[in-house]
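Annotated features, as they stand in TrEMBL:
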type	residues	note
ACT_SITE	Asp243	active site, proton donor
BINDING	Arg66, Gly67, Ala68, Arg100, Gln202, Asn253, Lys254	substrate binding site
SITE	Cys163	site 'Transition state stabilizer'
Amino acid sequence: MTTPREPGAGHDGAPDQTDDLFAVAWVDDPPAVRLLDQTRLPGEVHVIDCRDLATLAEAIRSLRVRGAPALGVAGAYGVVLGALTGWSPGQAAAELAAQRPTAVNLGWAAERIAARGNDPRELLAAARELDEANAVACRAMGRHGADLIGELAATPARVLTHCNTGMLACQGIGTAFGVARTLHEDGRLSHLWVDETRPLLQGARLTAYEAAALDMPHAVLADAAAGSLLGRAHVDAIVVGSDRIAANGDVANKIGTYPLAVLAARHGVPFLVVAPVSTIDPATPDGAAIPIEERAPDEVRRVLGQVDLTPAGSDAANPAFDVTPAELVTAIVTERGVIRDPDTDAVAAHLAPSTAARD
Ligand SMILES: CSC[C@H]1O[C@H](OP(=O)(O)O)[C@H](O)[C@@H]1O
């Protein structure tokens, strides 16, 4: 049995063309963490059943499953898989968290499940609870973010987004993409500008795939073209996800996010960061303390194919994330609501009521 889903309804229960789209699922017999291999999209829909922790760890490291919330769900089910295959829950959580250090959700979710004891049945119940809560949180973020854009910008809005923050990254309707989808469902999305998001093209390959499946008006652009769109006043709001938000409101997200925040400030366009409360890490004081992964040239070639765009002798510089300082963030949208002009106090106040839920 796989993670139960109503036939004809998306993961979050709403019927849509993405019914078959998912990032992570649990399979009971034989026990496995089922993934849609995102490195093969959009050309090939290929499902992998990870029946041991090494296979799941490789899939996380190789971005077959990616996106902070989806990594959290994969980590949660991964602890269950570990408990059924000779690992202690704590060891399984540590092994999985080490695969992708920037996104705090992976380690947070795995450790949360591991703390529930050693009984695989209890661990699975907790992991399923986290998976379902994720989908509910996405709907809430979509609503809070769409309403905020309605307040800050003219609608129907032309929204620009970066990387992939939809179902494939989140297991629910998404974070930033979930805001665009909610606007679309409200009839208030004029256009979605999709940064292709080099070097691994999560925007061109994944966000466009999801937008097309939902029949959302969208266009893919080179990352370098975003400035021209803002310069010509073709963007009403920028919405992005996050992999880790520091205690002071600094935001780590896909490489290319920081330049968008600078452009948004230059052109007076709202810059919204959309992420579940679990992405906020009180233990990380500021952006400088966030570990930033690097993508090796062979990792880029593996995802994009063996086309070498550069001479063999050239090195590559591929930080996978950058950090946007809090002062460039108009607001952070979570499932709990909106943190306007985020700073240490505002983030702490937002977290206070939910600290228990996050611990
Ligand atoms: C909704 S969080 C998605 C977040 O994760 C992406 O990174 P990656 O594709 O390397 O996992 C990107 O930073 C997105 O904003």
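The count begins at 1 with the first shown residue.
Quick reminder: no glycine exception, Cβ is built from N, Cα and C everywhere.
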Exercise. Relative to ligand 1, which of the recorded positions Arg66, Ala68, Arg100, Asp243 have a Cβ found under 6 Å from one of its atoms?
Worked result: Arg66, Ala68, Asp243
Problem set entry | Integer Å distance between the CA atoms belonging to Asp243 (active site, proton donor) and Arg66 (substrate binding site) | 10
Exercise. Counting across all protein chains shown, how many other Cβ atoms sit within 10 Å of the Cβ of Lys254 (substrate binding site)?
Worked result: 25
Seminar exercise, completed: Students should find that the Cβ of Arg66 (substrate binding site) has, within 10 Å, a number of other Cβ atoms equal to 25
Exercise. If you measure the residue listed as 'active site, proton donor' to Lys254 (substrate binding site) at Cα, how many Å is it?
Worked result: 8
Seminar exercise, completed: Gln202 (substrate binding site) and Cys163 (site 'Transition state stabilizer'), compared by Cα position, are separated in whole Å by 5
Exercise. What are the other residues, in sequence order, whose C-beta lies within 8 angstroms of the center of the C-beta atoms of Arg66, Gly67, Ala68, Arg100, Gln202, Asn253, Lys254 at the substrate site?
Worked result: Leu71, Ala103, Cys163, Asn164, Thr165, Ala169, Gly241, Asp243
For this session: Round to a whole number and give the Cα-to-Cα distance in Å for the pair Gly67 (substrate binding site) and Cys163 (site 'Transition state stabilizer').
Result: 9
For this session: Quick one: of Ala68, Arg100, Lys254, which binding-site residues lie within 10 angstroms of Cys163 (site 'Transition state stabilizer'), measuring between C-alpha atoms? Sequence order, please.
Result: Lys254
For this session: Please find, for Arg66, Gly67, Ala68, Arg100, Gln202, Asn253, Lys254 as listed binding substrate, the greatest distance between any two Cα atoms, in Å.
Result: 16
